[in-house]
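Peer 1: I grabbed these lines from TrEMBL:
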type: DOMAIN; residues: B:436-536; note: domain 'DUF6449'
type: TRANSMEM; residues: B:21-45; note: transmembrane segment
type: TRANSMEM; residues: B:65-88; note: transmembrane segment
type: TRANSMEM; residues: B:109-133; note: transmembrane segment
type: TRANSMEM; residues: B:145-168; note: transmembrane segment
type: TRANSMEM; residues: B:175-198; note: transmembrane segment
type: TRANSMEM; residues: B:234-252; note: transmembrane segment
type: TRANSMEM; residues: B:272-291; note: transmembrane segment
type: TRANSMEM; residues: B:297-318; note: transmembrane segment
type: TRANSMEM; residues: B:330-350; note: transmembrane segment
Amino acid sequence: MIEIDSLNKNYGKVAAIKGLNLTIEEDRVFGLIGTNGAGKSTLLRMLSGILKADTGTILIDGQPVYDNPAAKSNLCFIADDPYFFPNANPMTMAKYYQTIYPKFEMDRFKTLLADFGLDPKRRISEFSKGMKRQLAILLGLCANTKYLLLDEVFDGLDPVMRQSMKSLFAEDMDRRQLTTIIASHNLRELEDICDHIGFLHSGGLLLSEDLADMKLEIQKLQCVFKNDDDLAEVMEKLHVVDHTTRGRLHTFVVRGERSEVEAVFDHVPMTFFEVLPLTLEEIFIAEAEAVGYDTRKLILK
Amino acid sequence: MTPENSSLSKLSQIEITKRRKLPIAIMLVVLAITYVFIPILFFLNDPDEAVSVKNYLAYFTNENAVISFVIGLIGVYFAASTFHYLHVPRQVDFYESQPITRKSRFNSLVLNNLVSFVVPYVIFVFLGLVITATTGVNLIANGQVWGSTLAYVVVFTAFYAITSLAMLVTGNTAIAMLGTIFFVTLEWIIMLVVNSFYSEFTFTGGSTAHTWTAFTNPWSQCFSSGSQPSYRGIAVNLLITLVYLLLAYYAYQHRKNELAGTAIIYEWIKRAVKVVVVLLASTIGAVMVYSMTNNSVIGGVLGAIIVGFLMAFILEIIFKFDIIAWKNHFAESAILVVLGIGVFLGLRYGGHQYDTWVPSEDQLASVALATSEGSYSNYYLGNKETDAESYAKVYMKLSASSQLLALAKKSAENTIVERNDYDSYHSGSEMLSFIYRLKNGKTRVRSYYVKRSDLKTYFEGVSQTAAFKKGFFPIYHDAAIQNNLDSVTFSYRNGEQTIQRQNGQLYQEFKQAYLTDLKQWDYNLASTKKPIGQVDVSWQQNGKKRKVSYPVYASYTKTVSFLKKNKLYSSKALSVNKQNPIEFYLNQDY
């Protein structure tokens, strides 16, 4: 488990992390989302022991992480712009990782390289950006550490590759209780991978919740009223987070369990009514507004 | 930490070496050229030189400035390539997230670098010596060569340590190179400013360079003793290595990784560097322009303003990597330039105070006088040849008489007048150095232009004292001759002919006669009479030929009798054009 308590980090006069408290449980994929400059990369680098906290503590399984090999040996960090040795090929890097991370799974790495179509003897400098990121993720996975920290490495991966990675994470979570922490500013790229979301804004934690729990408490629905005068009554009974209209079609994002929401519409004559799946973005907006943030002012993709 | 985890904190030397193939390869090529190819070419192209022990010794020892320079550069390159990763954010992410402590990484890298250099270096030196041995010059067991090899290894470590510190307090490798230059040359630049005080602001500071062997410059230490390895230099460089490595280690421990890519990691270092550089730059600018504008104070102030502000702006631009940043901390820049002007004016005022200062009789323990062109003889102190001033410093102890201080005061005033008035510069006066030994144990030296009329008035009495003669004529301190009487050669020359005897026993008799005659020597005699000849006493000391000379005047009856008795006296007349009178003593109208 990763425990962060009253964490602060300043870059000169700029506060990158402000009084952050967060607990990341084991055996899950934790999505760390936020706008550019929210402090995601800073937090991930502090979790990796690269940056030292100004104040506050980070404990990895009860041990402080900064300059502590005992704690750091349980984690592997893959940066958004991963570094490879000049003229290295995937096998060169794997051998180096093997010396740093003694539990490195070389056989699995070779298998995965073949599965992903990456030539083990080809110079990495000749790889595309996406291929480099795939390689970095595979190296990180095969390092066989308890925690894998990925900083925006999924940005730019195609959906098929993301899905492949997701299945790899699922396999490792099942097999060895891997905990993955993925930072991204792109909600859509995370929603099919993460099962827990932490949202950072201006160095502080806006929310941290299981995605499934969020989905249970937020509903998205579309309807066409037979009598438009019913709208006011419905709006009054619902906890509406977002409401848009297109012609006579109303789209609501509302807070509440599905049964409660459907009950509101039971006695209202409808031409059309449907409960729709929620996107992570919609959930985020709902949750963020619940804690008092006007998310429309935030730049989100 | 569990045993499993503790093993993780150690970085494999093999793995480090794998990552350092390029620097090591470059070093091997350089060493191969230096110690294999050049000796071979040397032998093939010039077999005569190849057999010369002297040439080979010069090549393999401290006299070879090129090797010293190259080895210093290898030290710089090794350190720069080792710690470059800390200047590249994505490499910082890669390395610093690994389960290795900073202490362990630092120690492993430093150890790897030192071993990577020292082992191949010693092997290549040995190879070079084997190659030279094939030419018939076997230096394999030569202590001077291996002493120099040790000195070079220490020069490498010193440069490695200095550059490591520069790399670890900066976030950019180019800036770190400037930092290395800063560390290596700072003492030289301070020395330049100190020297400029004596050369530009004082008239009585003398021509002696006020320098020392720069402690913080490994090359200075390496070259401080010519071809012989300097064990003092080795010790100093080892100390530098230790101090800089400790500072580098401390800097690494406290280094903030988020500052990779910036100019300097520690804010206080920026301020300290700016203070030192701008102060020195404005002072040097002032001195340069002051000198170029014929000692114009306004010129000096302008020089300080221009050079000081320019350097302050350049530093601020470098600190931020932003040309707009030139105006940052402008007030600080202005204050430093004003301080630089203050230093310049202080130097000028200090120069005036320096020139006019003459100690009081109460302050003085004793005085020694020396003339740069007023000596009859060579001088020796121990095994080393020296000059009249150094000799007088040791052996001349004149009491602080009012006559002597009056001469000093008159001469100080005359020096300032003469040096300020270029038309009368050095006319009718001679240079005389006063070595003041103060009661507080300190020694102060002033070189004055003394008017001949003042010499006549004030020096006459001084020259008659035994204390003056004991520090002027080496015959009073002749232990070296007495210890080597077997090798003494005695000669008399009067300009026409030289008569020579190799007989040490003659010396004792000569000494007795000459000491008796010397009682009559004084300024009056030296300025109105010319010697009729000169006795030279030569001897061998530690394989080197030594010689002291004594003037013989017509009135030196005891000496002349001695010379005649021993058939050393030449009766031929001394022609004026073959005389070599000493300008200091002779009256102009003689």
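Just so you know, glycine gets a Cβ as well, placed from its N, Cα and C.
Note: TrEMBL annotation is automatic and uncurated.
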Peer 1: Same chain, outside the transmembrane segment (B:234-252) by at least 6, Cβ under 8 Å from its Cβ: which residues?
Peer 2: 86, 102-103, 106, 110, 150-151, 154-155, 157-158, 160-162, 164-165, 167-169, 183, 215-216, 218, 221-222, 265-266
Peer 1: Go through the chain and flag residues at least 6 beyond the ends of the transmembrane segment (B:297-318) whose CB is under 8 A from any CB in it; none is fine as an answer.
Peer 2: 175, 178, 263, 270, 273-274, 277-278, 281-290, 325-329, 332-334, 336-337, 340-341, 344-345, 348
Peer 1: Restricting to CB pairs under 8 Å, which listed stretch, B:21-45, B:145-168, B:175-198, B:272-291, is in contact most with the transmembrane segment (B:109-133)?
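Peer 2: Ranked by Cβ pairs under 8 Å, first place goes to B:21-45.
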Peer 1: Quick one: do the transmembrane segment (B:175-198) and the transmembrane segment (B:65-88) reach 3+ CB pairs under 8 Å, ignoring pairs fewer than 6 apart in sequence?
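Peer 2: They do touch: at least three Cβ pairs between the two stretches lie under 8 Å.
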Peer 1: Based on Cβ pairs under 8 Å, which of the stretches B:21-45, B:65-88, B:145-168, B:330-350 lies most in contact with the transmembrane segment (B:272-291)?
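Peer 2: Ranking B:21-45, B:65-88, B:145-168, B:330-350 by Cβ pairs under 8 Å to the transmembrane segment (B:272-291) puts B:330-350 first.
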Peer 1: Counting Cβ pairs closer than 8 Å, which of B:21-45, B:145-168, B:330-350 has the most of them with the transmembrane segment (B:65-88)?
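Peer 2: Looking at each of B:21-45, B:145-168, B:330-350 in turn, the most contacts to the transmembrane segment (B:65-88) are made by B:145-168.
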Peer 1: So what pLDDT does the domain 'DUF6449' (B:436-536) average out to?
Peer 2: 86
Peer 1: Taking a Cβ cut-off under 8 Å, which residues six or more beyond the ends of the transmembrane segment (B:21-45) line up next to it in the same chain?
Peer 2: 55, 59, 67, 70, 74, 77-78, 81-82, 116-117, 120-121, 124-125, 127-128, 131-132, 134-135
Peer 1: By DSSP assignment, list the helix, strand and coil residue numbers for the domain 'DUF6449' (B:436-536), in that order.
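Peer 2: Per DSSP, the residues of the domain 'DUF6449' (B:436-536) fall into 47 helix, 25 strand, 29 coil.
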